[in-house]
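One structure is given below, encoded as structure tokens.
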Amino acid sequence: MDVRREKELRDAEAAAEKNILLTSVEKFLNWGRVHSFWPCSFGLACCAIEMASSGDPRYDLSRFGYEVFQASPRQADLMIVAGTLTRKMAPIARRIYDQMPEPKWVIAMGNCACSGGPFADSYAVVPGADSIVPIDVYIPGCPPRPESLMFGMLHLKQKIQNPAKARLIKHVK
Amino acid sequence: MLNEILRVRVSELADKVTGQVEESLGVLELTINYPYVLEVLTCVKNFPDVPCDFLHDLAGMDLEDHFEVVYQLSSLRGPQRLRIIATVERENPVIDSATPLWKGADFLEREAFDMFGIQFRGHPNLKRIYMWDDFEGYPLRKDYVIDSHERRAMMRVRKEGE
Amino acid sequence: MIIDGTQEYSVNMGPQHPSTHGVFRMVVHLDGEVVTNVEPKIGYLHRGLEKMAESRTYNQFVPYTDRLDYLAGPHNSLGYVQAVEKLMGIEVPERAEYLRVIFAELGRVASHLFMIASGSLDICGWTPWSYCTRDRERILDLFEMTAGNRMTLNYFRIGGVSHDVPDEFMPALKSFLDDMPEMIEEYYGIFFGNEIAQSRMKSVGILPKELAENLLITGANLRASGVQYDVRKAEPYGIYNRFNFNVPVLYGCDTYDRHFIRLLEIQESRKILQQALRDIPEGPVVAKVPKVIKPQVGKVYHRVENPKGEMGWYIVSNGTTKPARVRIRTGAFVNVQMLPAIVTGWKIQDLVTIFASMDLVLGEVDK
């Protein structure tokens, strides 16, 4: 550990004794946000059942503080695209995304939302929800297990806490 | 026993409407031309002893040169089963609606209209059911060309009130 | 200002609405609080499975069938593989037949449990939801230890099942069946015997017998309207004729009966499962079928009793490796039509309970 870092830590400890913590506002707000996502209950198909299962007593999403599934997009900050996004549904999905207040994040749950999955060549299906709404985390699986959803949400947590780190990973399409 | 009665009834009916009777995998199959469909369905529904009074399924079918509307009939009170195949012209796909006989044929006919473009005469509300209103083409026809990946990835324009 | 009378207006409900169990949309016409008409609008999950079947080989289409009624995946596959087997005249080994029945009935129990759970959630009953999902998870565990996936199993094959169950499956199934009577009693106590649930559901949303038949309603909804008809009895497929079980029928025609009949069906499924567990023989689980499935020219219509209603598979073969047409008649799709008939005249808060009692799953409605 270099001297500067040691000094910083000592200062922080001294500040903590006086019950003062110094950080940037954005970091502090993000710290709060990542511990309580309010997902919008946007269930489309099979994945919606697994999304509901993740909230049941066995998987207990509430231990992370993510269990407040809101019916109205206006009260949510996380949209989980859970299932096959069809072309008929696409404008509505976009509208729901637009109704959500900033800051907001989107998780694509399941192969269908990631890339169209098994239905990618169907005339009625959007091949990948990322052409309709910007996606932060992709969770593959058909359908993904509730554990996968939690893993994805924890990844989103990391991403929000370290925006610089997340920006390094480029998703080439 | 009941099967024999049904066979007799169906062949009598087939003579009347110039249809053909076949049997495939234990199910009687009556092929008719589209103008007779309402007459045949009414008659079949009211067969004495062996009424085929439950329309189990109604489906369209594309055979390149013509369409077919396939009615799968059964009954809640007996083992009788019957399949009626009505051939429909490809250029002018019009057939009588079965909604006067079974209210439940409503959605099934709307689906056949949506997927094949078969017009059901006398249907109370013949609109697209699965696809949106201004969708072009009939997807289950053999000559339907599926939109490209890029086109499908684009968001369609939604009409207000849709 | 005094307003004389009520105003007629229409409210859009869905496709994103928590009580529509997916992406169902309805336009509700109201007079004050009273529903005057409902227009169901579907197709928001239409994936075009029938078209996709035409570009897949017979075996490749099996996984898609699980995604029709995703709450009870195995029963859909059962209908499809049996239809193809009927077309080709394939004999399925005994053990595979029994395994199919076990999985299909477990799927039915899981589906009905979820229906009771979500139905109670719609009237803000959280307890039945957590109890039912707790027990549903045990079924999903059984699925998982066999097929590796929790809901969409892809376990059935044309000619049998893909592989045998692991050794721990049968003891786990037995212990689940032993616990079932207690569970059913519990559900009765917390939901069906509950005064609030009863007053919300009893004699609400009546579907008379004649109307049900005219609307071509099938499955448990028909049996709750006083028609004792079950394809498993009327036209037994697979080995269902070997089992001794009853077809429950209720005559109330209301929302409560449509819920309650599911509980009775769970009990009957338990009987079938117990008999299957008792009689299951050892042996191979898949018949010798050609690597390339190529049925002769012909057509077949095969019906199965899905948890949501009767499912019909009309498969037309043109002698190639791909089907010329696969028509799927799903129970839920036809059952949607009863909604306007049963909801008219009730208040808007009853709409949610009535809708839940129809037990729709949008994967099956929209295909």
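Using the three backbone atoms N, Cα and C, a Cβ is placed for every residue, glycine included.
Predicted, not measured: the structure shown is a model, and the values here were computed from it.
The domain 'NADH:ubiquinone oxidoreductase-like 20kDa subunit' annotation in TrEMBL covers A:46-155. The [4Fe-4S] cluster binding site feature in TrEMBL is assigned to A:CYS46, A:CYS47, A:CYS112, A:CYS142.
A:CYS142 ([4Fe-4S] cluster binding site) falls outside any helix or strand according to DSSP and counts as coil. Neighbour list (A:CYS47 ([4Fe-4S] cluster binding site), Cβ cut-off 8 Å, at least 6 residues apart, same chain): A:ALA82, A:GLY83, A:MET109, A:GLY110, A:CYS112, A:ALA113, A:PRO143, A:PRO144.
A:CYS142 ([4Fe-4S] cluster binding site) has a Cβ environment of 19 other Cβ atoms inside 10 Å.
Mapped onto DSSP helix, strand and coil, the domain 'NADH:ubiquinone oxidoreductase-like 20kDa subunit' (A:46-155) counts 47 helix, 16 strand, 47 coil.
Note: A:CYS46, A:CYS142, taken in sequence order from the binding-site residues A:CYS46, A:CYS47, A:CYS142, have a C-beta within a distance under 8 Å of a chain C C-beta. All protein chains shown were included, and the count of other CB atoms within 10 Å of the CB of A:CYS112 ([4Fe-4S] cluster binding site) stands at 31. Of all Cβ atoms in the protein chains displayed, 30 besides its own lie within 10 Å of the Cβ of A:CYS46 ([4Fe-4S] cluster binding site).
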